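Below is one structure, written out as C-alpha cells; comments come after it.
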C-alpha cells in the first residue's frame, strides 16, 4: 500500500489535495488544518493512510505521523468514520484531543459541528485508555508505524482490505501469499482484483 507521497501540490478542494508525483496526480483527502498548511506549486511529503473498498481506493494524507495515528484512533470510536475523523482533526490538534480526553472534557468535542453529546461521551470513554499511553516513542506509536509499513510480500493492510470484502483472515492470507508467489511484481490494485476474481471463480 502507499505509505507516503512526495510531490508538488497541483490543486486543492474543500477536503482534498491533488499531489503530482512524477506526472501522476494523486487525490488525497486531508483535514482542514493540513490543507491550510499546503500551498499550490510547493513540494511536500505526506504520510498516507490507504483505505481499500470494492468500489474505491481512498488516500488520506497527513503532514506528521501524530495526526495519522489520531486519525486511526478516532475511527476506533463507535460512530466515527473517515469523514468525521478528518472533520474532528480539522478543529482539534492531536494534542487538543489528548488533553480533552485525559481531562474528560466532553464540551471540547460537543463544540464541533456534527458531534453530539452521546458521540462526545463515547470519544472520551473509548479513547481514555488509548490516549493515555501515547507519548513520544511510546509502544503505540511504534506499533502504528509498523502496521502500515510497505513490504514486497502480503501486508497487514492488504489482508485487512480483503477481510473487509468478505474473506476470512485465513482465506485472505493464503490468497495474497499465493498470488504474490506467482507474481512478485504485481501491483496492489491487481493483487486485490485477482484475489476477488479467484475467490468468485471458486463459488
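Backbone N, Cα and C define each Cβ position, glycine as well.
The region 'Domain I' annotation in Swiss-Prot covers 1-63, and the record cites sequence analysis as its basis. Summed and averaged per residue, pLDDT over the region 'Domain I' (1-63) gives 92.
In the region 'Domain II' (64-142), helix, strand and coil residues by DSSP number 55 helix, 0 strand, 24 coil. Summarising the annotation, Swiss-Prot assigns region 'Domain II' to 64-142 and lists sequence analysis as the type of evidence.
For 143-149, the entry in Swiss-Prot reads region 'Flexible linker', with the evidence type sequence analysis.
As annotated by Swiss-Prot, region 'Domain III' applies to 150-203, with the evidence given as sequence analysis.
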